[in-house]
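**Student:** To start, I am sharing the structure in question, which I have written as structure tokens.
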Amino acid sequence: MKKCWFHSMLSNVELEYRCRLSKSMDNLGPLENTSVSEDPILNDTEKNTYNWSHSDSSNVDHLVGVRDIRNLNVDDTFLVLGRDNKKDGYSIYFDIENQVFGIDNNHSFLSELEKEFSSYWNSSYLNKGSRSDDSHYDYSMYDNKYSWNNYINSCIDSYLRSQIGIASSILSGSENCSESYISTYILGESRNSSETGNSRLRTSTNGSDFALKENSNDLGVTQKYKHLWVQCEICYGLNYKKFFKSKMNICEQCGYHLKMSSSDRIELSIDPGTWDPMDEEMFSLDPIDFHSEEEPYKDRIDSYQKKTGLTEAIQTGIGQLNGIPVAIGVMDFQFMGGSMGSVVGEKITRLIEYATNQFLPLILVCASGGARMQEGSLSLMQMAKISSALYDYQSNKKLVYVSILTSPTTGGVTASFGMLGDIIIAEPNAYIAFAGKRVIEQTLNKTVPEGSQAAEFLFHKGLFDPIVPRNLLKGVLSELFQLHAFFPLNHNLSRTLT
């Protein structure tokens, strides 16, 4: 006979679902972690369960999670372990083969649980002698083990649904939308899922830290709720969108730096109220009448302008960074992959020339797939034009240019101004390359080693200077500029007065 355990912990502090394995059903010792669950965290109080006086088996061969409940076989012995809000334990025991049902640890909290199964306990159908006397009895409903199993599963579903509602109601009103998603996902979507992996859901007491880890097979469900969550492309963890911007688009699960829009980067780096954009009226035309079978180039530009609210794939302007006047250009990967066309190159060139004339430090944040193919050689020409302007800025005026490489930085941007900085800073785990992995493998027919185009690997090869996380970037830039004698305006004013 196969023995199955399901461990459910419900409390005011957390709502978690975990799978654990016990050594024995007669003498339940500490619960051990298995490969089904990768989270080894268990409080001491969670490691103790209760003895079963009526159990006739000593080994547990299998364990299940929330999604596995519905896949139980008729020969399974099923045990549910749970905890109420007062941390008092209770246990529910099912022997599906022998149709045995029991509850251990008689506590007042169990009365709520008993209601879920009262329809079965009080049913005359449990008494085989009375079945023939009931005209409403459905002979096919409980006569086979599969139906009995399905009924128990429905009871468990009903009970879990009620307890999730109790635990979720503790949360404040600001998490109502998340609560709705949580309940729908566990009790609705997962019911139709064929995935057998376990799922972990955690809600903290401050109401601002939601995390739901799921396997890559759940991408369809995630897309349905993408207006609430941002999924990490590395660990597939979900980040609550409401707080994602305040966390600088850094995944709460693995710390991966996800893509940021140019507007968010400007807001992150530039002091509030000091941003003055340049050349906003410039936009791309179709200089070579690029032919496309799918969508005309002009129409594609228009669609990206409506989607992003930008006129081109870069924003340029001047502002203050901790009081230090700077000229800054930030590329936006959401606009045609941050591709560099004639307008992007012209805006960068004008920014460099302005910084040269005003003796300002220069920052260029790179996020691009390379030169824009729809503009042909005109886009390639921007590489030389920008490099020429930077030569005058760096060599003749002796000013400081800081290049910041984000993910991805590839193609013509990498081959030109991306690698020309006096100081080159990279974000953690940034994808930096000239040609992409797919292009290299198809061209050379060789496999590109995994991670060979990541910032950490290239850092050890001396390709750039520091790797700086986003939360430290503004402070690092401020110190670098002050090291090169660029000081805040109020600091210069105080020096002049003295």
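In case you wondered, yes, glycine gets a Cβ from its N, Cα and C as well.
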**Student:** Taking 232-254, 347-369, 416-438 as the choices, which stretch does Swiss-Prot tie to zinc finger?
**Tutor:** 232-254
**Student:** Look at the binding-site residues Cys235, Cys251 and tell me which residue has the greatest number of other C-beta atoms within 10 angstroms of its C-beta.
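**Tutor:** Counting Cβ neighbours within 10 Å, the top one is Cys251.
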**Student:** Which of the listed binding-site residues (Cys232, Cys254) has the least company, meaning the fewest other Cβ atoms within 10 Å of its Cβ?
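**Tutor:** Among the binding-site residues Cys232, Cys254, the lowest count of other Cβ atoms within 10 Å belongs to Cys254.
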**Student:** Quick one: what's DSSP say for Cys254 (Zn(2+) binding site), helix, strand or coil?
**Tutor:** coil
